[in-house]
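Working notes, structure below.
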Amino acid sequence: MPGLGRRAQWLCWWWGLLCSCGPPPLRPPLPVAAAAAGGQLLGAGGSPVRAEQPPPQSSSSGFLYRRLKTHEKREMQKEILSVLGLPHRPRPLHGLQQPQSPVLPQQQQSQQTAREEPPPGRLKSAPLFMLDLYNSLSKDDEEDGVSEGEGLEPESHGRASSSQLKQPSPGAAHSLNRKSLLAPGPGGSASPLTSAQDSAFLNDADMVMSFVNLVEYDKEFSPRQRHHKEFKFNLSQIPEGEAVTAAEFRVYKDCVVGSFKNQTFLISIYQVLQEHQHRDSDLFLLDTRVVWASEEGWLEFDITATSNLWVVTPQHNMGLQLSVVTRDGLHINPRAAGLVGRDGPYDKQPFMVAFFKVSEVHVRTTRSASSRRRQQSRNRSTQSQDVSRGSSASDYNSSELKTACKKHELYVSFQDLGWQDWIIAPKGYAANYCDGECSFPLNAHMNATNHAIVQTLVHLMNPEYVPKPCCAPTKLNAISVLYFDDNSNVILKKYRNMVVRACGCH
């Protein structure tokens, strides 16, 4: 440093080392969840909190553990729910049940006969399909060199994969005038997003939501009522500002081995316009599929227009009806064509899935509200920073011994927060945070902006008026969270700016 002799520089270095030898502070002082859009670190490890503590003279990373107090945990849960855009903690009626003690064979047989609910720890068809979507997103992120969370593989317990139907023979494929039916099961199961159209739906959507069928019992077949199989879905819990970009109804088809084993079926899905007591309902044809009796897997029907109508005018939501006609023009019971209803296995239940994208007006309103909260937080933190602004040039001698600005590990555990009953995946994610000194000279690895370099020079000349540059995120990535809502519908939502990927001086 100009004006200081060799001995004086050595004394300054020694004094800086002496002042930095105290016990390292707990960092961050309060666990806050992931880095938000304004660069503010939100982060949490639940209970316990895990934050990286870089030792003063060691490059190895360790973790500090501290049990959260009740009010701290409650406040942290509230803040993370706010980041996730949820007004309260969902409490689904049929969420993720924890595995229980083994049951007797007689009890197990009676439970399998009822088939109303899956065994504890197992998922129904809609959550399994959404889990496939989640893992598909995670796989794409890994291929791009980005790990946004912990993947969760679906259990292979005899379920039919949400992958497209098995073809009976190479020559039969040409008879299907729509998308191919579903692919092989769990052994070599492919993602359900096998078409470019489905991939585009997922890439363009901010949120994917599945809906369970609300019809408790399948109606008995009646020759007078051709469209007898009905399905109803509750779309009242869609968040404000979300618009439907695509929607599909999915029903599982088993292989037919009875009297119709050599038949070809025309399966039609209708929107119910008006219900009548003594005659068939007024219906509007939405989509059709032609399938072979020997095919099995998930069938998809496009109901995008109907879903948009139901969202805008909920009173028009009277459900869907399905009919099956043979090539001879005979209307048959869908069960005879292999279609699975409410009385079928829990992992083959029919469901609806919709893709949503948030409107720009709602995004601007949300951002303005959240920015005001962050500004209040910054104002409180700035008051404490002003006290320590009066630094001198000798600070840079001592700061050279501190860790330079870089990314540190910070893991947010949803399981530690007690949310394992409604968050399906991930169990947690690496939020990370930025910390360290932005000391002069700013090296290339500090990712300093030109403004930060100029601010550093001005700080050297006027340390009492101009603060040092701050270590802040320069690259933020999104995560995907799969969870239940209060109605046991499954939601897959992307959250932007949740993971710190790189840090720099600003």
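Glycine residues also receive a Cβ, built from the backbone N, Cα and C atoms like all the rest.
The structure displayed is predicted, hence computed values, not measured ones.
Annotated features, as they stand in Swiss-Prot:
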SIGNAL    1-20  signal peptide
REGION    44-64  region 'Disordered'
REGION    87-125  region 'Disordered'
COMPBIAS  96-112  compositional bias 'Low complexity'
REGION    139-195  region 'Disordered'
COMPBIAS  140-153  compositional bias 'Acidic residues'
CARBOHYD  Asn234  N-linked glycosylation site
CARBOHYD  Asn262  N-linked glycosylation site
REGION    366-397  region 'Disordered'
CARBOHYD  Asn379  N-linked glycosylation site
COMPBIAS  386-397  compositional bias 'Polar residues'
CARBOHYD  Asn397  N-linked glycosylation site
DISULFID  Cys405-Cys471  disulfide bond
DISULFID  Cys434-Cys503  disulfide bond
DISULFID  Cys438-Cys505  disulfide bond
CARBOHYD  Asn447  N-linked glycosylation site
Candidates Asn234, Asn262: member of the glycosylation sites with the richest Cβ shell (10 Å): Asn234
Candidates Cys405, Cys503, Cys505, namely the disulfide-bonded residues, that fall within 10 Å of Asn234 (N-linked glycosylation site) by Cα distance: none
Among Cys434, Cys471 [disulfide-bonded residues], residue with fewest other Cβ within 10 Å: Cys434
Lowest local Cβ density among Cys405, Cys438, which the record lists as disulfide-bonded residues, within 10 Å: Cys438
C-alpha spacing of Asn262 (N-linked glycosylation site) relative to Cys434 (disulfide bond), in angstrom: 65
Alpha-carbon distance [Cys503 (disulfide bond); Cys405 (disulfide bond)] in Å: 7
Separation of alpha carbons, Asn262 (N-linked glycosylation site) and Cys505 (disulfide bond) (Å): 70
Distance from Cys471 (disulfide bond) back to Asn262 (N-linked glycosylation site), taken between C-alpha atoms, in Å: 69
Of Cys503, Cys505 (the disulfide-bonded residues), the residue whose Cβ has the fewest other Cβ atoms within 10 Å: Cys503
DSSP three-state assignment (helix, strand or coil) for Cys471 (disulfide bond): strand
